[in-house]
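Trainee: Got a structure for you, questions after.
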Amino acid sequence: MMGHRPVLVLSQNTKRESGRKVQSGNINAAKTIADIIRTCLGPKSMMKMLLDPMGGIVMTNDGNAILREIQVQHPAAKSMIEISRTQDEEVGDGTTSVIILAGEMLSVAEHFLEQQMHPTVVISAYRMALDDMISTLKKISTPVDVNNREMMLSIINSSITTKVISRWSSLACNIALDAVKTVQFEENGRKEIDIKKYARVEKIPGGIIEDSCVLRGVMINKDVTHPRMRRYIKNPRIVLLDSSLEYKKGESQTDIEITREEDFTRILQMEEEYIHQLCEDIIQLKPDVVITEKGISDLAQHYLMRANVTAIRRVRKTDNNRIARACGARIVSRPEELREDDVGTGAGLLEIKKIGDEYFTFITDCKDPKACTILLRGASKEILSEVERNLQDAMQVCRNVLLDPQLVPGGGASEMAVAHALTEKSKAMTGVEQWPYRAVAQALEVIPRTLIQNCGASTIRLLTSLRAKHTQESCETWGVNGETGTLVDMKELGIWEPLAVKLQTYKTAVETAVLLLRIDDIVSGHKKKGDDQNRQTGAPDAGQE
């Protein structure tokens, strides 16, 4: 009979899961990712050692760096890793907290789904809670004077204490603050702080970490092109080019038929004259240094050397932009169009030093640099990479405070204050939504709880007394001292976090939880390529994504 035959809509190669199974699978995947980096929160955090596919070693406790290296299969786990990257790009800090918080938000929702509560009810309660969380955070935030150096250093320090670099915290804080203050650029009342482009971190293995410093200028890994050129110039006049000082060959292939010997000599002579003219155009401005992104021919080197001009070639475009910002030069594409105001005179010194086996060009003592280089020294590549990651976080924290000078207390204090506010508000609520709403308050406590666990103190006793403390008047700055596992007033301890980071953490965590709760069906198909081969070899689920 026809009626009993099953109707196949989806291809037989696809695998489909739906309903409760999907939701619990997503929640478990999110919890697993959160558990991986739970121990990386706070000053007593552990490090993770990861092997990348190329066989290199990554040692870090930075949430984003760990998750970047992990290969995952589950789609929900992939979206969790994605939020850590978003957090890192947006505010540069709080990558570990956002994953732990999102995992916990999903974990507390599981209980309601088991009781057959509809996901949309949970979602609307979460969204309501997010609005209240944001308003409570803004209430407990305090403004900060960005010109107060001591205060700025203590803010950066509270970000650094959770990292490897905490042993050299005062050095790192000063480096981060100086670097960010250098690249800060104000135009028409608009602040711009582009750390990625203009604050470059150069890592040179060798020496000790105490040798690290911020250069008021730029350092590039290049030597002069001719051994007889000057390597130490005070107040240099710098010309920056992005064209080559070589004979220009035509775009398309050209054939020249030469019948007489004089013609060949003339062609060579024309090449020489062309290069000579290029060099003359540059030399008439009397520069001390010519830096180009392209090549410099031997003949051009000879002319420049005779004019006592130092030349450096094949510099990266990004480095050239930084040099332009540091010494006030303008990058020129055609040497014949060079004018006096294209020459950079802002640098105080150009010198070439040998560090280890390599030569480095230092353009320092700039009058008003808008770009800088952070020179890092250390024992090994792994340590240097971790220190660089820590410094990037510190600089991002500094940038966030300069752009939005509002602070909230750290050490789990703001989480407890927000949780207390949500619990109080939920008492006045009616209907089924009050339970998921209250669960958000419970989920927020995961941050202080993890801090207590990571320093080996008694979780139940401390968390209960912290909860009791927050019910009292004007105690919203009390939190956990991650070093000792005791309760302290964060105002006295001086541990603050930028409001921008906290807001982004909460928004991202709740949005991700909401996104994953909305999923009730996962259809995973096979890849088209290699399907037949997989069937022949009998590889189980080889093409499955």
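The backbone N, Cα and C atoms fix where each Cβ goes, and this holds for glycine too.
Per Swiss-Prot, ADP binding site is recorded for Gly42, Gly94, Thr95, Thr96, Ser97, Thr162, Lys163, Gly411, Gly482, Glu483, Glu497, Lys502, and the stated evidence type is similarity to another entry. The annotation ATP binding site is assigned in Swiss-Prot to Gly42, Gly94, Thr95, Thr96, Gly411, Gly482, Glu497. Taken from Swiss-Prot, the feature Mg(2+) binding site applies to Asp93. Annotated SUMO2 cross-link per Swiss-Prot: Lys15, Lys248, Lys249, Lys381, in sequence order. Marked as disulfide bond by Swiss-Prot: Cys366-Cys372. Taken from Swiss-Prot, the feature N-acetylmethionine applies to Met1. The phosphoserine feature in Swiss-Prot is assigned to Ser11, Ser170, Ser243, Ser244, Ser252. Here Swiss-Prot flags Lys222 as N6-acetyllysine, drawing on similarity to another entry. Annotation comment: Swiss-Prot describes Tyr247 as phosphotyrosine, evidence class similarity to another entry. Swiss-Prot lists Thr430, Thr459 with the feature phosphothreonine, giving similarity to another entry as the kind of evidence. Taken from Swiss-Prot, the feature region 'Disordered' applies to 1-24, 526-545.
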Trainee: Please give the maximum pairwise Cα distance, in Å and rounded to a whole number, for the ADP-binding set Gly42, Gly94, Thr95, Thr96, Ser97, Thr162, Lys163, Gly411, Gly482, Glu483, Glu497, Lys502.
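Mentor: That value is 21 Å for the farthest Cα pair.
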Trainee: Taking the Cβ of Cys372 (disulfide bond) as reference, which residues of that chain separated by at least 6 in sequence fall under 8 Å from it?
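Mentor: In sequence order, Asp178, Ala179, Thr182, Val183, Tyr198, Ala199, Arg200, Val214, Leu215, Arg216, Gly217, Val218, Ala326 meet the Cβ cut-off.
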Trainee: Using a 10 angstroms cut-off on Cβ to Cβ distances, just flag whichever of Lys15, Lys222, Lys248, Lys249, Lys381 is the loneliest among these recorded positions.
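Mentor: Ranked by other Cβ atoms within 10 Å, the recorded positions Lys15, Lys222, Lys248, Lys249, Lys381 bottom out at Lys249.
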Trainee: Can you tell me how far the Cα of Ser243 (phosphoserine) sits from the Cα of the residue listed as 'Mg(2+) binding site', in Å?
Mentor: 40
Trainee: List every residue in the same chain as the residue listed as 'Mg(2+) binding site', at least 6 positions away in sequence, whose Cβ is under 8 Å from its Cβ.
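Mentor: Correct list: Gln87, Ser159, Asp393, Gln396, Val397, Asn400, Glu497, Pro498, Val501.
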Trainee: Select the closest residue to Gly482 (ADP binding site) from the following recorded positions, measuring between CA atoms: Lys222, Lys248, Lys249.
Mentor: Lys222
Trainee: With Lys222 (N6-acetyllysine) as the reference Cα, tell me which of the binding-site residues Gly42, Thr95, Lys163 is the closest one.
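Mentor: For Lys222 (N6-acetyllysine), the closest Cα among Gly42, Thr95, Lys163 is found at Lys163.
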Trainee: Nearest by CA distance to Lys15 (SUMO2 cross-link): which of the binding-site residues is it, out of Ser97, Lys163, Gly411?
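Mentor: Checked the binding-site residues Ser97, Lys163, Gly411; minimum Cα distance to Lys15 (SUMO2 cross-link) goes to Ser97.
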Trainee: Of the recorded positions listed here (Thr95, Lys163, Cys366, Thr430), which is spatially closest to Tyr247 (phosphotyrosine) when Cα positions are compared?
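Mentor: Sorting the recorded positions by distance from Tyr247 (phosphotyrosine), the top entry is Cys366.
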Trainee: Which of Gly94, Gly411 has the fewest nearby Cβ atoms, counting only those within 10 Å, among these binding-site residues?
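Mentor: Candidates: the binding-site residues Gly94, Gly411. Fewest Cβ atoms within 10 Å: Gly411.
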Trainee: Find the shortest Cα-Cα separation between Ser244 (phosphoserine) and the recorded positions Thr95, Ser170, Cys366, Gly411, Thr459, and name the residue that gives it.
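Mentor: Closest candidate to Ser244 (phosphoserine), judged by Cα separation, is Cys366.
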Trainee: Return the residues near Ser252 (phosphoserine), defined as same-chain residues 6+ apart in sequence whose C-beta is under 8 angstroms from its C-beta, sorted by sequence, else 'none'.
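Mentor: The list for Ser252 (phosphoserine) is empty, so the answer is none.
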Trainee: Measure the Cβ-based neighbour count of Ser97 (ADP binding site), defined as the other Cβ atoms within 10 Å of its Cβ.
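Mentor: The answer is 27 other Cβ atoms.
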Trainee: How many whole Å apart are the CA atoms of Lys249 (SUMO2 cross-link) and Lys163 (ADP binding site)?
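Mentor: Their Cα atoms are separated by 53 Å.
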Trainee: Within the chain of Thr96 (ATP binding site), which residues six or more apart in sequence place their C-beta under 8 angstroms from its C-beta?
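Mentor: Residues satisfying the criterion: Ile37, Cys40, Leu41, Ser45, Asn61, Asp62, Gly63.
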Trainee: When you put Gly411 (ATP binding site) at the centre and draw a 10 Å sphere around its Cα, which of the recorded positions Thr95, Lys163, Ser170, Thr459 have their Cα inside it?
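Mentor: Matched recorded positions: none.
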